[in-house]
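Accompanying notes for the structure given below.
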Amino acid sequence: MSFNTFGHMFRVTTFGESHGVALGCVVDGCPPRIPLTAAEIQRDLDRRKPGQSRFTTQRQEADQVKILSGVMETERGQVTTGTPIALMIENTDQRSKDYSDIKDKYRPGHADYTYEAKYGIRDYRGGGRSSARETAARVAAGAVARKVIPDVKVRAALVQMGPHKIDRANWNWDDVTRNPFFCPDATKAAFFEEYLDEIRKSGSSIGAVIEVVAENVPAGWGAPIYGKLDSDLAAALMSINAVKGVEIGAGFGAAELRGEDNADEMRAGNNGPVFLSNHAGGILGGISTGQAVVARFAVKPTSSILTPRKTVDRAGGETDILTKGRHDPCVGIRAVPVAEAMVACVLADHFLRHRGQNG
């Protein structure tokens, strides 16, 4: 299997499966002499790890990260050396027996059939590499990326669950840390609690929309045509499990606007142009404008539900399937820290590419 690596100058390779011994990543291209400790990486992993509320999978994983290479102790503390940084997270709470009854059946909505169609083999134990468990490694890599671009603030929030959207007038970033949904609207978070409880108890699942905002991105990152910043952001977010759509700035909403409404007008400021709106999401022509970079993505409902579903088996026979195991009733919740990590990695990559070309 190829395509386990992304990035150009800040390159991340992830490895491991849902029910394997461990998973992790190798970060190549991180500049030297950057302070980096396991505790800093752990803070991000703790936001993503499972089992923290009844609204996420009850699989209990500590997700303790180990730094295997790429750092050393100095008089300034632990810093990067410029060599590849290897990070490992052990799996400790696998229950592969939950999948033994369905190992020859293709789960609807999962990658079971497509993996087998491509490779002639698949890891049925929790989905193997197609499991969202893989994203723990991405979050670890994202923590390293944040250290490369310390002035850039990357934050994400859940802004819609099912058909229910937050009230943007109530947006408060502080509220994101005060509820289990990473929701910036405290009133809507209380509603989500009742709403998702009902869905969870029925054995079903629901989708969500996540918004990512990167502030303090200077003008000039990105490149025209095939190196566009928004193209790389879209690809990175689209690579997250269960994501089915990505938009930048006004996104699909721009199709409903007239030209005079969509184009972000400018006025002169002390340090360059001041934009009067941000429908472009902080990117024009594939290059950052200096405004906040804004992206949103849609996450489909978790495919593993407690309702019997129609499917086929490996022999081609028609059958029914009932998925066991422990699953998120709304996988969009834990996609929030994953999205931050992916955006941080892309921005760190573009920072290094910009510095390499322009000094």
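Note that the numbers count up from 1, one per residue, in the order the chain is shown.
Glycine too: its Cβ is placed from the backbone N, Cα and C atoms.
Features of the protein shown, as given by Swiss-Prot:
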| type | residues | note |
| --- | --- | --- |
| BINDING | ARG48, ARG54 | NADP(+) binding site |
| BINDING | ARG129, SER130, SER131, ASN241, ALA242, GLY285, LYS300, PRO301, THR302, SER303, SER304, ARG326 | FMN binding site |
Between THR302 (FMN binding site) and ARG54 (NADP(+) binding site), how many Å separate their Cα atoms? 15
May I ask which residues of the same chain, at least 6 positions away in sequence, place their Cβ under 8 angstroms from the Cβ of ARG48 (NADP(+) binding site)? ASP63, THR135, ALA136, VAL139, ARG334, PRO337, VAL338
Using a 10 Å radius on the Cβ of THR302 (FMN binding site), the other Cβ atoms enclosed count 23
Taking the Cα atoms as reference points, how far is LYS300 (FMN binding site) from ARG54 (NADP(+) binding site) in Å? 19
What are the sequence-distant neighbours of ALA242 (FMN binding site), meaning same chain, six or more residues apart, C-beta distance under 8 angstroms? ALA132, VAL299, LYS300, THR302, SER303, VAL331, GLY332, ALA335
Using Cα coordinates, what distance in whole Å links SER304 (FMN binding site) and ARG54 (NADP(+) binding site)? 16
Expressed to the nearest Å, what is the distance separating ARG54 (NADP(+) binding site) and SER131 (FMN binding site) at their Cα atoms? 20
By the DSSP assignment reduced to helix, strand and coil, which category contains SER304 (FMN binding site)? coil
ARG54 (NADP(+) binding site), number of other Cβ atoms within 10 Å: 13
Measure from the Cβ of SER304 (FMN binding site) and count the other Cβ atoms within 10 Å, all protein chains considered. 22
Long-range Cβ list for SER131 (FMN binding site), cut-off under 8 Å, min separation 6+ in sequence, same chain only, gives GLU17, SER18, ASN241
